[in-house]
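Remarks on the structure that follows.
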(Lines of atoms letter the chains of each structure in order from A and count residues from 1; the text may use other names and numbers.)
(Lines give C-alpha, C1' and ligand atoms only; values in the text may rest on other atoms or scores of the structure.)
Protein backbone atom coordinates (compact mmCIF):
# COMPACT_ATOMS: atom_id res chain seq x y z
CA UNK A 1 0.00 0.00 0.00
CA UNK A 2 2.80 2.41 0.96
CA UNK A 3 4.59 1.64 -2.31
CA UNK A 4 1.43 2.57 -4.26
CA UNK A 5 1.13 5.93 -2.40
CA UNK A 6 4.81 6.68 -3.10
CA UNK A 7 4.39 5.93 -6.80
CA UNK A 8 1.27 8.17 -7.06
CA UNK A 9 2.91 11.08 -5.21
CA UNK A 10 6.06 10.82 -7.30
CA UNK A 11 4.04 10.82 -10.54
CA UNK A 12 2.09 13.94 -9.43
CA UNK A 13 5.19 15.84 -8.34
CA UNK A 14 7.05 15.22 -11.56
CA UNK A 15 6.03 17.80 -14.24
CA UNK A 16 7.06 17.79 -17.86
CA UNK A 17 10.08 20.06 -18.45
CA UNK A 18 8.16 22.28 -20.89
CA UNK A 19 5.39 22.99 -18.35
CA UNK A 20 7.93 23.74 -15.61
CA UNK A 21 9.82 26.11 -17.90
CA UNK A 22 6.54 27.79 -18.93
CA UNK A 23 5.56 28.30 -15.29
CA UNK A 24 8.93 29.88 -14.51
CA UNK A 25 8.62 32.22 -17.51
CA UNK A 26 5.09 33.28 -16.50
CA UNK A 27 6.27 33.98 -12.96
CA UNK A 28 9.24 36.00 -14.22
CA UNK A 29 6.99 37.94 -16.61
CA UNK A 30 4.49 38.83 -13.87
CA UNK A 31 7.36 39.99 -11.63
CA UNK A 32 8.90 42.24 -14.28
CA UNK A 33 5.48 43.69 -15.24
CA UNK A 34 4.84 44.53 -11.60
CA UNK A 35 8.28 46.11 -11.28
CA UNK A 36 7.73 48.26 -14.40
CA UNK A 37 4.34 49.48 -13.12
CA UNK A 38 5.86 50.37 -9.74
CA UNK A 39 8.67 52.32 -11.40
CA UNK A 40 6.77 54.07 -14.18
CA UNK A 41 3.13 54.03 -13.05
CA UNK A 42 0.06 51.94 -13.78
CA UNK A 43 -0.68 51.54 -17.46
CA UNK A 44 2.95 52.02 -18.53
CA UNK A 45 2.84 48.46 -19.91
CA UNK A 46 -0.11 46.16 -20.53
CA UNK A 47 -1.39 43.36 -22.70
CA UNK A 48 -3.17 44.71 -25.74
CA UNK A 49 -6.26 42.63 -24.97
CA UNK A 50 -6.53 44.28 -21.52
CA UNK A 51 -6.82 47.79 -22.99
CA UNK A 52 -10.09 49.53 -22.14
CA UNK A 53 -10.36 51.12 -25.60
CA UNK A 54 -9.41 49.03 -28.59
CA UNK A 55 -10.79 51.24 -31.34
CA UNK A 56 -9.20 54.61 -32.07
CA UNK A 57 -11.61 57.46 -31.37
CA UNK A 58 -12.03 60.00 -34.15
CA UNK A 59 -13.00 63.62 -34.81
CA UNK A 60 -15.28 64.35 -37.75
CA UNK A 61 -13.70 66.29 -40.61
CA UNK A 62 -16.97 68.00 -41.52
CA UNK A 63 -17.12 66.13 -44.85
CA UNK A 64 -18.94 62.78 -44.83
CA UNK A 65 -16.98 61.49 -47.83
CA UNK A 66 -13.65 62.25 -46.12
CA UNK A 67 -14.82 60.68 -42.85
CA UNK A 68 -15.45 57.46 -44.77
CA UNK A 69 -12.04 57.62 -46.47
CA UNK A 70 -10.31 58.09 -43.10
CA UNK A 71 -12.24 55.33 -41.35
CA UNK A 72 -14.26 57.73 -39.18
CA UNK A 73 -12.33 61.00 -39.17
CA UNK A 74 -9.14 62.42 -37.68
CA UNK A 75 -7.80 59.99 -35.03
CA UNK A 76 -7.57 61.33 -31.48
CA UNK A 77 -4.16 61.46 -29.86
CA UNK A 78 -2.33 61.44 -33.21
CA UNK A 79 -0.44 63.80 -35.51
CA UNK A 80 -2.09 64.70 -38.83
CA UNK A 81 -0.51 66.50 -41.79
CA UNK A 82 -2.60 68.26 -44.45
CA UNK A 83 -0.68 69.53 -47.46
CA UNK A 84 -1.44 70.84 -50.92
CA UNK A 85 -0.99 73.79 -53.30
CA UNK A 86 -2.28 77.29 -52.58
CA UNK A 87 -6.05 77.90 -52.43
CA UNK A 88 -6.84 74.19 -52.33
CA UNK A 89 -8.90 74.26 -49.11
CA UNK A 90 -6.36 73.33 -46.40
CA UNK A 91 -7.38 75.98 -43.86
CA UNK A 92 -11.08 75.52 -44.64
CA UNK A 93 -10.76 71.79 -43.95
CA UNK A 94 -9.21 72.36 -40.52
CA UNK A 95 -11.69 75.11 -39.58
CA UNK A 96 -14.49 72.60 -40.15
CA UNK A 97 -12.70 70.16 -37.82
CA UNK A 98 -12.52 72.92 -35.18
CA UNK A 99 -16.25 73.56 -35.59
CA UNK A 100 -17.01 69.83 -35.16
CA UNK A 101 -14.93 69.68 -31.95
CA UNK A 102 -16.68 72.75 -30.53
CA UNK A 103 -20.13 71.34 -31.37
CA UNK A 104 -19.33 68.40 -29.09
CA UNK A 105 -18.22 70.65 -26.24
CA UNK A 106 -14.48 70.33 -26.90
CA UNK A 107 -11.74 72.95 -26.82
CA UNK A 108 -9.75 73.84 -29.94
CA UNK A 109 -6.68 76.01 -30.52
CA UNK A 110 -5.39 77.62 -33.72
CA UNK A 111 -1.67 78.50 -33.91
CA UNK A 112 -1.62 81.08 -36.71
CA UNK A 113 2.03 81.19 -37.74
CA UNK A 114 1.06 82.72 -41.11
CA UNK A 115 -0.88 85.54 -39.37
CA UNK A 116 -3.65 85.07 -41.94
CA UNK A 117 -6.69 83.79 -39.99
CA UNK A 118 -9.95 85.47 -41.05
CA UNK A 119 -12.31 85.36 -38.03
CA UNK A 120 -15.34 86.40 -40.11
CA UNK A 121 -14.81 83.49 -42.51
CA UNK A 122 -14.18 81.10 -39.60
CA UNK A 123 -17.47 82.17 -37.99
CA UNK A 124 -19.33 81.56 -41.27
CA UNK A 125 -18.09 77.94 -41.20
CA UNK A 126 -19.57 77.39 -37.75
CA UNK A 127 -16.49 78.11 -35.60
CA UNK A 128 -17.23 79.65 -32.19
CA UNK A 129 -14.59 82.37 -32.47
CA UNK A 130 -15.28 83.68 -28.95
CA UNK A 131 -14.10 80.40 -27.41
CA UNK A 132 -11.43 79.57 -29.99
CA UNK A 133 -7.88 79.78 -28.62
CA UNK A 134 -5.70 81.71 -31.08
CA UNK A 135 -1.96 82.33 -31.00
CA UNK A 136 0.14 84.32 -33.48
CA UNK A 137 3.71 83.47 -32.46
CA UNK A 138 6.80 85.42 -33.52
CA UNK A 139 9.14 82.45 -34.00
CA UNK A 140 8.91 78.76 -34.77
CA UNK A 141 10.31 77.86 -31.35
CA UNK A 142 7.61 79.93 -29.66
CA UNK A 143 4.86 78.31 -31.74
CA UNK A 144 5.96 74.75 -31.01
CA UNK A 145 6.49 75.49 -27.31
CA UNK A 146 2.91 76.80 -27.13
CA UNK A 147 1.69 73.64 -28.88
CA UNK A 148 3.63 71.48 -26.40
CA UNK A 149 2.18 73.28 -23.36
CA UNK A 150 -1.37 73.04 -24.73
CA UNK A 151 -0.91 69.30 -25.25
CA UNK A 152 0.57 68.79 -21.77
CA UNK A 153 -2.44 70.50 -20.18
CA UNK A 154 -4.73 67.65 -21.40
CA UNK A 155 -7.48 70.29 -21.59
CA UNK A 156 -7.39 70.85 -25.37
CA UNK A 157 -8.94 68.43 -27.85
CA UNK A 158 -7.56 69.83 -31.11
CA UNK A 159 -4.58 72.01 -32.05
CA UNK A 160 -4.12 73.31 -35.60
CA UNK A 161 -0.76 74.74 -36.76
CA UNK A 162 -1.01 76.93 -39.87
CA UNK A 163 1.52 76.31 -41.29
CA UNK A 164 4.81 74.40 -41.02
CA UNK A 165 6.36 76.58 -43.74
CA UNK A 166 5.77 79.68 -41.58
CA UNK A 167 7.52 78.23 -38.50
CA UNK A 168 10.63 80.36 -38.89
CA UNK A 169 13.55 79.50 -36.56
CA UNK A 170 14.73 82.27 -34.24
CA UNK A 171 18.23 82.18 -35.74
CA UNK A 172 16.78 82.99 -39.15
CA UNK A 173 14.67 85.88 -37.84
CA UNK A 174 17.55 87.41 -35.89
CA UNK A 175 19.96 87.00 -38.81
CA UNK A 176 20.23 89.19 -41.86
CA UNK A 177 18.33 88.82 -45.12
CA UNK A 178 20.22 86.43 -47.38
CA UNK A 179 21.94 84.46 -44.61
CA UNK A 180 22.06 80.70 -45.22
CA UNK A 181 20.50 78.54 -42.51
CA UNK A 182 20.56 75.13 -44.13
CA UNK A 183 18.34 72.59 -42.39
CA UNK A 184 17.44 74.83 -39.43
CA UNK A 185 13.69 74.38 -39.90
CA UNK A 186 14.06 70.62 -40.38
CA UNK A 187 16.08 70.36 -37.13
CA UNK A 188 13.44 72.41 -35.32
CA UNK A 189 10.61 70.17 -36.53
CA UNK A 190 12.55 66.99 -35.75
CA UNK A 191 13.18 68.10 -32.17
CA UNK A 192 9.58 69.22 -31.71
CA UNK A 193 8.19 65.90 -32.99
CA UNK A 194 10.38 63.92 -30.60
CA UNK A 195 9.24 66.09 -27.71
CA UNK A 196 5.49 66.27 -28.26
CA UNK A 197 4.62 62.85 -29.72
CA UNK A 198 4.55 61.01 -26.38
CA UNK A 199 2.48 63.75 -24.73
CA UNK A 200 -0.02 63.71 -27.61
CA UNK A 201 -0.78 60.03 -27.03
CA UNK A 202 -1.27 60.50 -23.28
CA UNK A 203 -3.49 63.59 -23.56
CA UNK A 204 -5.66 62.38 -26.46
CA UNK A 205 -5.19 65.70 -28.24
CA UNK A 206 -5.16 65.72 -32.05
CA UNK A 207 -2.56 67.99 -33.67
CA UNK A 208 -3.05 68.99 -37.32
CA UNK A 209 -0.10 70.53 -39.16
CA UNK A 210 -0.86 72.36 -42.40
CA UNK A 211 1.98 72.31 -44.90
CA UNK A 212 2.90 73.85 -48.23
CA UNK A 213 4.40 72.29 -51.32
CA UNK A 214 7.81 72.99 -52.82
CA UNK A 215 9.52 71.68 -55.97
CA UNK A 216 12.78 69.74 -55.86
CA UNK A 217 15.40 71.13 -58.21
CA UNK A 218 16.79 68.86 -60.92
CA UNK A 219 14.23 66.05 -60.62
CA UNK A 220 13.69 64.58 -64.08
CA UNK A 221 11.82 61.38 -63.19
CA UNK A 222 9.22 60.96 -60.49
CA UNK A 223 7.26 63.54 -58.54
CA UNK A 224 9.28 66.73 -57.94
CA UNK A 225 6.89 67.96 -55.23
CA UNK A 226 7.87 67.84 -51.58
CA UNK A 227 6.68 69.39 -48.31
CA UNK A 228 8.60 71.83 -46.12
CA UNK A 229 10.12 71.14 -42.71
CA UNK A 230 12.16 68.04 -43.50
CA UNK A 231 11.13 64.40 -43.18
CA UNK A 232 10.37 64.17 -39.44
CA UNK A 233 6.71 65.14 -39.78
CA UNK A 234 6.20 62.53 -42.51
CA UNK A 235 7.34 59.78 -40.15
CA UNK A 236 5.54 60.96 -37.00
CA UNK A 237 2.21 61.71 -38.70
CA UNK A 238 -0.38 58.94 -38.40
CA UNK A 239 -2.43 60.49 -41.22
CA UNK A 240 -1.25 62.52 -44.22
CA UNK A 241 -3.81 64.15 -46.53
CA UNK A 242 -3.02 65.49 -49.99
CA UNK A 243 -5.72 68.01 -50.96
CA UNK A 244 -6.06 69.39 -54.50
CA UNK A 245 -8.48 71.63 -56.36
CA UNK A 246 -9.74 69.70 -59.38
CA UNK A 247 -12.59 71.87 -60.64
CA UNK A 248 -14.07 75.37 -60.37
CA UNK A 249 -17.83 75.36 -59.82
CA UNK A 250 -19.77 77.82 -61.96
CA UNK A 251 -23.34 78.98 -62.50
CA UNK A 252 -23.17 80.49 -65.94
CA UNK A 253 -20.13 82.77 -65.76
CA UNK A 254 -20.27 83.18 -61.97
CA UNK A 255 -17.82 81.10 -59.92
CA UNK A 256 -19.30 80.01 -56.60
CA UNK A 257 -16.93 77.31 -55.34
CA UNK A 258 -14.39 74.60 -56.06
CA UNK A 259 -14.38 70.82 -56.21
CA UNK A 260 -11.64 69.39 -53.98
CA UNK A 261 -10.08 65.94 -54.06
CA UNK A 262 -8.33 64.54 -51.00
CA UNK A 263 -6.03 61.54 -51.22
CA UNK A 264 -5.14 59.74 -47.98
CA UNK A 265 -1.40 59.46 -48.64
CA UNK A 266 -0.75 57.75 -45.28
CA UNK A 267 -3.00 56.23 -42.63
CA UNK A 268 -1.86 54.13 -39.66
CA UNK A 269 -5.33 53.55 -38.22
CA UNK A 270 -7.30 52.60 -41.38
CA UNK A 271 -6.58 51.51 -44.96
CA UNK A 272 -4.62 54.25 -46.80
CA UNK A 273 -4.73 55.55 -50.40
CA UNK A 274 -8.47 56.17 -50.38
CA UNK A 275 -9.80 59.21 -52.25
CA UNK A 276 -12.61 61.58 -51.24
CA UNK A 277 -14.17 64.42 -53.21
CA UNK A 278 -16.38 67.25 -51.98
CA UNK A 279 -17.48 70.79 -52.87
CA UNK A 280 -16.16 73.88 -51.09
CA UNK A 281 -18.49 76.86 -51.52
CA UNK A 282 -17.06 80.37 -51.31
CA UNK A 283 -18.04 81.98 -48.00
CA UNK A 284 -19.82 78.81 -46.78
CA UNK A 285 -17.15 76.11 -46.66
CA UNK A 286 -17.66 72.40 -47.31
CA UNK A 287 -21.06 71.52 -48.78
CA UNK A 288 -22.34 68.96 -46.26
CA UNK A 289 -25.48 68.36 -48.32
CA UNK A 290 -23.36 67.75 -51.41
CA UNK A 291 -21.35 65.14 -49.48
CA UNK A 292 -24.57 63.55 -48.23
CA UNK A 293 -26.00 63.37 -51.76
CA UNK A 294 -22.79 61.79 -53.11
CA UNK A 295 -22.77 59.12 -50.40
CA UNK A 296 -26.53 58.49 -50.70
CA UNK A 297 -26.09 57.90 -54.42
CA UNK A 298 -23.09 55.62 -53.84
CA UNK A 299 -25.03 53.50 -51.32
CA UNK A 300 -28.12 53.40 -53.61
CA UNK A 301 -30.33 55.17 -51.08
CA UNK A 302 -30.82 57.91 -53.66
CA UNK A 303 -30.80 56.77 -57.28
CA UNK A 304 -30.12 58.78 -60.41
CA UNK A 305 -31.48 58.19 -63.89
CA UNK A 306 -30.15 60.72 -66.35
CA UNK A 307 -30.44 64.13 -64.71
CA UNK A 308 -33.20 63.10 -62.26
CA UNK A 309 -32.54 62.04 -58.66
CA UNK A 310 -35.15 59.86 -56.96
CA UNK A 311 -35.71 58.76 -53.35
CA UNK A 312 -38.12 55.95 -52.39
CA UNK A 313 -39.42 55.89 -55.96
CA UNK A 314 -40.23 59.62 -56.13
CA UNK A 315 -38.29 62.16 -58.19
CA UNK A 316 -36.82 64.77 -55.86
CA UNK A 317 -34.85 66.98 -58.22
CA UNK A 318 -33.53 67.47 -61.71
CA UNK A 319 -29.81 68.06 -61.56
CA UNK A 320 -27.46 68.12 -58.59
CA UNK A 321 -28.12 71.73 -57.52
CA UNK A 322 -31.92 71.29 -57.49
CA UNK A 323 -31.61 68.07 -55.49
CA UNK A 324 -29.41 69.80 -52.88
CA UNK A 325 -32.03 72.57 -52.67
CA UNK A 326 -34.71 69.90 -52.06
CA UNK A 327 -32.62 68.45 -49.22
CA UNK A 328 -32.33 71.92 -47.67
CA UNK A 329 -36.10 72.39 -47.77
CA UNK A 330 -36.99 68.90 -46.49
CA UNK A 331 -35.11 68.51 -43.22
CA UNK A 332 -36.97 65.35 -42.11
CA UNK A 333 -36.13 63.50 -45.32
CA UNK A 334 -32.54 64.77 -45.11
CA UNK A 335 -32.12 63.42 -41.56
CA UNK A 336 -33.63 60.08 -42.57
CA UNK A 337 -31.30 59.80 -45.59
CA UNK A 338 -28.29 60.72 -43.44
CA UNK A 339 -29.22 58.08 -40.85
CA UNK A 340 -29.55 55.42 -43.56
CA UNK A 341 -26.22 56.44 -45.12
CA UNK A 342 -24.37 56.21 -41.80
CA UNK A 343 -25.94 52.81 -41.09
CA UNK A 344 -24.81 51.51 -44.48
CA UNK A 345 -21.29 52.88 -44.01
CA UNK A 346 -20.82 51.39 -40.53
CA UNK A 347 -22.09 47.89 -41.40
CA UNK A 348 -19.39 45.36 -40.53
CA UNK A 349 -16.94 47.99 -39.29
CA UNK A 350 -17.02 46.86 -35.63
CA UNK A 351 -14.06 44.47 -35.66
CA UNK A 352 -11.83 43.76 -32.67
CA UNK A 353 -8.42 45.39 -32.88
CA UNK A 354 -6.79 42.32 -31.27
CA UNK A 355 -6.66 39.88 -34.16
CA UNK A 356 -5.38 37.00 -31.99
CA UNK A 357 -8.52 36.79 -29.81
CA UNK A 358 -10.87 35.47 -32.53
CA UNK A 359 -8.16 33.05 -33.66
CA UNK A 360 -7.61 31.68 -30.15
CA UNK A 361 -11.33 31.41 -29.33
CA UNK A 362 -12.03 29.59 -32.59
CA UNK A 363 -9.18 27.21 -31.88
CA UNK A 364 -10.49 26.47 -28.37
CA UNK A 365 -13.93 25.75 -29.80
CA UNK A 366 -12.39 23.19 -32.12
CA UNK A 367 -10.12 21.84 -29.33
CA UNK A 368 -7.09 22.49 -31.50
CA UNK A 369 -4.18 24.86 -30.93
CA UNK A 370 -4.16 28.04 -33.06
CA UNK A 371 -2.16 27.67 -36.23
CA UNK A 372 0.88 29.96 -36.28
CA UNK A 373 3.08 30.53 -39.28
CA UNK A 374 6.64 29.32 -38.81
CA UNK A 375 9.49 31.68 -39.60
CA UNK A 376 12.12 30.04 -41.73
CA UNK A 377 15.69 30.22 -40.43
CA UNK A 378 17.09 29.72 -43.89
CA UNK A 379 18.88 32.74 -45.30
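Any Cβ shown, glycine's included, is placed from N, Cα and C.
Ranges compared are 1-24, 25-48, and Swiss-Prot records region 'Disordered' for 1-24. Cβ atoms within 8 Å of the centroid of the Cβ atoms of 84, 85, 86, 87, 88, 89, 90, 91 (the ATP site) belong to the same-chain residues 243, 245, site residues excluded.
With a 10 A radius on its CB, residue 91 (ATP binding site) counts 23 other CB atoms from all the protein chains.
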